[in-house]
Structure formats: C-alpha cells, structure tokens
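Q: Quick one: the structure is below, and I'll ask about it shortly.
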C-alpha cells in the first residue's frame, strides 16, 4: 500500500486527478470504477480540465460507478447518474454508452445487481477503482457487517450514513434508505485501487485502514488485503497516523 499525504483538500484533489489521468494515458481502453460524493468533487474538475487540455481520446474508456440510490431515476438531481453527468461526463468527450451506473429504478433490483456484476465481468474487470470512505468505514454503500465475499447487491443504509448524506437533500427524510452497491468482493477484484479521504471526520476510518485489524465491522480494512492500493489523504484526515 502506497500512502501519499497532501497538504489540503485541493492538493489531494490535484494529486488524485493526476493519478487517474496517467492511468488513462497509459491504457486508452481502461475500465475505470468511479465514485461520487464530496471527496472526489474537485478531483473531477481537475481531471476534466487535464483531459481536455491534452486532448486525450476517451473513445475506448469505460466507466462503472460504485453505487446508486434505490428509487432515484437518472433525472433526479440527487441521483448519482445526475452527479456524474454534472461533475464529469458532460465536461469531457466520452461516449455516454461507455458510462455505466446501477439502475436505482429497475423493476427487479436483484436482476439488476446480477446484470451489473456481469457487465463488469464482460468489460474484463475494473482496471482502477476510485474509492472514498464513510465515517463508519463503509466503502461504496457496504456498511459495517457486510460480508467480505459480497458482490453487487441491494443494501440498507445505516442511520449514520443517511444523516451524513442528508446534506445533499432538502430533508433527512428525503434520503433513500436503500442503495445498489458493488460488493466488497467486487471491489477487491479490481486490478488497482485509488483511495481518497479528506477532513477530520475521516480520521478514524483512515486509522483503521492503515493500522487496524481487518474486520467486516469496518469494511475499509479489507483494502489491506489488496496488492495494489494507493492512498491519498489530506492532513486533516491523516492526523497523527501518517508522518509528515
């Protein structure tokens, strides 16, 4: 596991954008696993700018996102489909048919999870997966207690995750209570992982990742068992767990 400490959120975002940019440049037909939320927000800005400035051909790039809320359609402003289009897809020249997210409005959610898992396999697996982390150590929407052998599935969200995500909604009552999420095995099957964390609220999760026991009670700790993980965190998230 390679650990990089950035001065602040902006520096973390720039380093992450550079990392993904180089991965795309080195493998033009890369399959990228993408994430949403506040952590990668600015990274997408920097990445889009760099890809456009250097006129990088994205015609063979495929993307698969970690998760989507159950019950939210592509046009819903709080959906991750909307987030990805607003933050990244609509800013770069990538074929939209090459961008993939779970369908939170699917009539048969179990079939949707199976189809999504098969899609990833049909693409040859994920070459680089971007990950953030929740305060309770969840990755994707894999909450504490999720089996390490889980694949893409319907998951229930904890009260803490609902509360944390309520900042993106008008009321906490509007936050969906379920999501479709890649499972922990799905994530671990990726060839390489880029993990980002920013802010004091993520310190405990970062400490668990770097120093804790590998346990299903803190899902992020499973990354210790992956052979190719790059961690980029800012000083606030690193705390005293990572030397300067």
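Cβ atoms are placed via backbone N, Cα and C, with glycine included.
Whatever TrEMBL says is automated annotation, not expert-curated.
Below are the features I grabbed from TrEMBL:
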DOMAIN    10-229  domain 'Glucosamine/galactosamine-6-phosphate isomerase'
ACT_SITE  67  active site, proton acceptor
ACT_SITE  136  active site, for ring-opening step
ACT_SITE  138  active site, proton acceptor
ACT_SITE  143  active site, for ring-opening step
Q: Measure from the CA atom of residue 67 (active site, proton acceptor) to the CA atom of residue 138 (active site, proton acceptor) and give the result in Å, rounded to a whole number.
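A: Each residue's Cα considered, residue 138 (active site, proton acceptor) and residue 67 (active site, proton acceptor) end up 12 Å apart.
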Q: Count the other Cβ atoms sitting within 10 Å of the Cβ of residue 143 (active site, for ring-opening step), across every protein chain shown.
A: 20
Q: Under 8 Å Cβ-Cβ from residue 67 (active site, proton acceptor), six or more apart in the same chain: what's there?
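A: Non-local contacts for residue 67 (active site, proton acceptor): 36, 80, 102, 140, 141, 179, 180, 181, 182.
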Q: Out of these active-site residues, 136, 138, which one has the fewest other C-beta atoms within 10 Å of its own C-beta?
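A: Among the active-site residues 136, 138, the sparsest Cβ neighbourhood within 10 Å belongs to 136.
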Q: Quick one: Cα separation, residue 143 (active site, for ring-opening step) versus residue 136 (active site, for ring-opening step), in Å?
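A: Taking the Cα atoms only, residue 143 (active site, for ring-opening step) lies 8 Å from residue 136 (active site, for ring-opening step).
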Q: Indicate whether residue 138 (active site, proton acceptor) is helix, strand or coil by DSSP.
A: coil
